[in-house]
Each structure stands twice: as structure tokens, then as C-alpha cells.
Amino acid sequence: MAYQVSIHPALDGGVKKGQSNFSGGTLVCACASRPVKLAVKGTVAHNHACGCTKCWKPKGAAFSVVAVASTDNVTVLENGDKLAVVDKDALIQRHACKECGVHMYGPVERDHAFKGLSFVHPERFQEPGWPEPTFAAFVSSIIESGTPPSAMAGVRGRLNELGLAPYDCLNPTLMDVLATFAAKKAGTLKEA
Ligand SMILES: N[C@@H](CCC(=O)N[C@@H](CS)C(=O)NCC(=O)O)C(=O)O
Ligand SMILES: [Zn+2]
Ligand SMILES: [Zn+2]
């Protein structure tokens, strides 16, 4: 039998469309007692599945589900004392709950195209209706967390079936944002 890969429990049965009027809500960690709670004002953007080893994923999932919000719109509401930064050297300052391990938000503070944005996991919203993921990023990276290379054709096929176009870095929209930022810095940006 072919090697079975769970993309993500919220996606394996099909990608559920978000509600166009979704306007944010409360992100909650997985602790039964004293959960960390964060408010996100307004909706999230660029929701996608990420296969990298650094993004938080639920047990058994090969991919995370991750989107961005403006950092100005993210506020820790409760039990922020349980948060710690996973890797202080990383671009994304992932703040994880020290007890359950869920990443609650990851602001980008460095001089970078994504500065001012925070990475969040919409599946942790207590409210339904968050915008559905629309692509899959860092797909080849799932090999680094233990998916056999021989399973990759099946994984990419399944992602396409789910409507999540697979990319081994980010999607063209975000890659263009990064390249535009780099070109501006280099002084080579040309506006048509
Ligand atoms: N192959 C690497 C890729 C890691 C990576 O570059 N992740 C992307 C997508 S989340 C990123 O932007 N990382 C910046 C960071 O982790 O701060 C892995 O899986 O660990
Ligand atoms: Zn927790
Ligand atoms: Zn990632």
C-alpha cells in the first residue's frame, strides 16, 4: 500500500471555504487550564499550508496552516506569561505556549518585506469562517520532518486535488513581494 501522509486534519477531508465577512477573533492554545488567548483584529491574509519544519503543526500532520495578520492588530489577552520565543535568531519570532507547544504568533520585526506582519495559525481561532488556505509552501521540506521522498509525488497530487497548488518555496505572489523588496534595496527596481 502507498505510504499515507496526512496533509493536515483540517484539510484532509477537503478545504472548507472561509466566510467573506470573517473579521478576526480569538486565538486559543491547546492547554485545558489557563490557555493563552490572543485577539486578532480583522481578517488574516495569505493563508496557506506550510511544510517547513519550523511552523507549528498538530500531531500527525505533515503541514501547518499559517496566515498573516498585521502585528498592530494582534494583542495578547490572557496568560501571556506562558509564551516563549522558540528561536530568537529566526526571522519569524514564533511565540509558543511553553506548556502545550502551540505557536500563537510570530511577528517579523527585522528589516524585511514581511516586517510588521505576524504569522498565526487560523485553526486556533475559536471562531469559524477564517479564510481557507489557497496554496502549499515549502512542500519539499516535509522530507526533513520524516516523509519518505518516494511519497512526494502522491503528496503533490493530493495537494493539487485539494486546490492547494504546491510550491517548494512560497507562491508566486509572495516570491514577487520578496524580490521586489530585494530589488528596491539593490536599486534595480523598475516600474513599468
Ligand atoms: N527547509 C527548511 C525551510 C525553513 C523555512 O525557510 N521556512 C520558511 C517558511 S515558514 C520561512 O520563511 N522561515 C523563516 C523563519 O523560520 O523565521 C525547513 O523546513 O526547516
Ligand atoms: Zn498552551
Ligand atoms: Zn513554515
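Heads up, the Cβ atoms here are built off N, Cα and C, so glycines get one too.
The Zn(2+) 1 binding site annotation in TrEMBL covers C29, C31, C97, C100. The Cβ neighbour count for C29 (Zn(2+) 1 binding site), using a 10 Å radius and every protein chain shown, is 24.
Around the Cβ of C50 (Zn(2+) 2 binding site), the same chain contributes F63, S64, V65, V66, A136, A137, F138, each under 8 angstroms and 6 or more positions distant in sequence. Per TrEMBL, Zn(2+) 2 binding site is recorded for C50, C52, C55.
Here the domain 'CENP-V/GFA' (22-168) returns a mean pLDDT of 98 for the predicted model. What TrEMBL lists as domain 'CENP-V/GFA' is 22-168.
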(Q) Rank the binding-site residues C31, C52, C55, C100 by how many other Cβ atoms lie within 10 Å of each Cβ and give me the one with the fewest. (A) C100
Q) How big is the gap, in Å, between the Cα of C29 (Zn(2+) 1 binding site) and that of C52 (Zn(2+) 2 binding site), rounded to a whole number? A) 20
Q. How far is it from C55 (Zn(2+) 2 binding site) to C97 (Zn(2+) 1 binding site), counting Cα to Cα, in Å?
A. 13
**Q.** Cβ-centroid neighbours of Zn(2+) 1 site C29, C31, C97, C100, 8 Å, sequence order
**A.** A30, P35, V36, K82, E99, G101, V102
Q: Using DSSP, tally how many residues of the domain 'CENP-V/GFA' (22-168) sit in helix, strand and coil.
A: 28 helix, 51 strand, 68 coil
**Q.** Cβ-Cβ distance under 8 Å to C97 (Zn(2+) 1 binding site), same chain, at least six residues away
**A.** C29, A30, C31, P35, V36, K82, L83, M104
